[in-house]
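Some notes on the structure that comes next.
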Amino acid sequence: MTMPAAPRDLEDIELDLLLEALHQRFGYDFGGYARASLRRRVQNLLIHTGVANISQLTERVLHGGVPITEVVDQLSVPVSEFFRDPPSFATMLRLVFPLLASYPHINVWQAGCARGEEVYSLAILLEEAGLYERTRIWATDISEKSLALAREGIYPARELPQYADSYRLAGGRHSFSDYFHARYGHIKLDDALKRNVTFAPHNLAADGVFCETQLILCRNVLIYFQPPLQQRALALFADSLVRGGFLCLGEKESMSRHEIRERFTLLDRRAALYRRNPSAHG
Amino acid sequence: MAELPHVIAIGASAGGVTALRRLLGALRPPFAAAVVVVLHIRESTVDALVGVLARDCRLPVVEALAGERIEAGRVHLAPGNYHLLIERDGCFALSVDDRVHHARPSVDVLFASAADACGARLTGVVLTGSNDDGAQGLAAIRARGGTALVQAPHEAEAPQMPAAALRIAGADATLPLDDIALRLNQAFHA
């Protein structure tokens with residue numbers, strides 16, 4: 001007998017067909033994403049695009065009525081905030097920055113940069129530490145729309161007081177307001193902060209290593225992946241990091257359930273900060 | 001795969017700490033259902049809240065971790081600044097998606113995912129609070145065959161949330177806290 005808790009209902013079939021269409025037609029594979037959040041996002045997408053059900057959405061996407069960029073953006077991106085989880089930034093300043101300083105050229109990979117809030121947060125802290133001049137930040141995301149918005153660097157000002165607090169708690173030495181212009185309820189980040197940032201599309205479910213980095217930030221991205229896709233992303237990070245390089249995950253993320261943990265040493269649990277082991281096999 | 005235990009999903013906002021201490025403190029082990037709680041808080045961590053609730057509660061109170069299985073006889077508390085969801089395999093998932101009703105964690109997000117994962121083996125409980133979070137989620141729980149309990153608004157420190165739940169979802173029973181606890185013990189205290 002079919003359990004009432006897990007019926008193969010119409011919506012499940014429709015969701016599978018949508019994901020299959022996105023994969024086959026556009027090359028975006030959301031099959032490894034955690035389902036509960038994905039279902040919620042698809043429901044929001046229906047409201048956003050004004051279609052009645054998932055099948056109609058699939059039809060509209062396949063025939064160009066709804067742009068694929070819009071679908072990918074809605075299915076992939078949560079808006080972030082500046083200096084989210086300030087203690088993690090403070091820990092990075094203390095444990096990671098002094099070691100970054102030992103390199104003549106520094107590569108940082110921000111994986112899943114969404115609208116760019118963390119990219120600018122990091123650029124500011126690197127600038128204040130005197131490291132930014134020799135740093136290149138590779139800011140990647142699956143969503144082209146998000147990357148375009150991240151490049152613009154314009155954000156609503158309504159959460160500004162909280163950002164200013166977080167900036168200080170993260171270890172900022174000046175004032176967050178030194179780094180943007182406020183206008184019409186929005187802030188525009190200083191263009192100079194972008195001078196060493198490369199925004200580029202990269203899909204953690206499909207793409208490979210593209211540079212050698214000393215630090216990777218990937219915060220609150222793995223929580224949306226099922227374990228096999230988490231493992232794939234973590235292996236990609238291990239292969240991209242120099243020996244002794246650093247990986248910072250979200251505060252509620254951990255690699256404790258993955259074999260890949262053997263290639264890393266946990267430096268700080270609260271900040272989910274890991275260091276790639278220096279061994280030849282690491 | 002082991003079958004999911006019956007789940008009691010509880011949502012609370014303003015006045016919620018007092019209400020939860022009273023309700024959870026009355027649950028008696030051994031308890032055959034898993035309890036999952038979303039409480040709106042300003043803080044970004046629930047470490048202190050876990051301690052406060054654990055003092056009065058005879059069931060173990062733990063923060064819900066991503067990827068961890070939901071367990072009967074425990075109270076799982078949503079972490080601060082993340083939505084808490086239940087996957088169909090009975091594991092918790094977290095998200096930093098937009099706030100719902102200005103809240104993260106949101107009761108609606110938990111309830112909707114729990115309804116999807118648990119179907120009829122789910123009891124949704126809406127307690128005190130001064131917004132409308134939880135009402136849509138409670139409707140989703142009822143639509144999937146789950147049971148809806150709502151704290152009597154006249155008893156709630158902030159009546160808006162239970163009142164909204166009754167208006168939008170209705171309930172199988174509208175009860176004072178002590179009677180909600182009684183009912184849960186009757187059903188799940190072995």
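The backbone N, Cα and C atoms fix where each Cβ goes, and this holds for glycine too.
Taken from TrEMBL, the feature domain 'CheB-type methylesterase' applies to B:3-190.
B:S13 (active site) falls outside any helix or strand according to DSSP and counts as coil. Within 10 Å of the Cβ of B:S13 (active site) there are 26 other Cβ atoms, across all protein chains. Annotation comment: TrEMBL describes B:S13 (among others) as active site.
If you look up TrEMBL, you'll see B:H40 (among others) marked as active site. Sequence-distant neighbours of B:H40 (active site) (same chain, 6+ apart, CB under 8 A from its CB) are B:A12, B:S13, B:A14, B:G16, B:A103, B:P105, B:G129, B:N131, B:D133.
DSSP assigns B:D133 (active site) to coil in the three-state reduction, placing it in neither a helix nor a strand. Neighbours of B:D133 (active site), defined as other CB atoms within 10 A of its CB across all chains, total 30. Residues or ranges marked as active site in TrEMBL: B:D133 (among others).
Mean pLDDT across the domain 'CheB-type methylesterase' (B:3-190) comes to 96 in this model.
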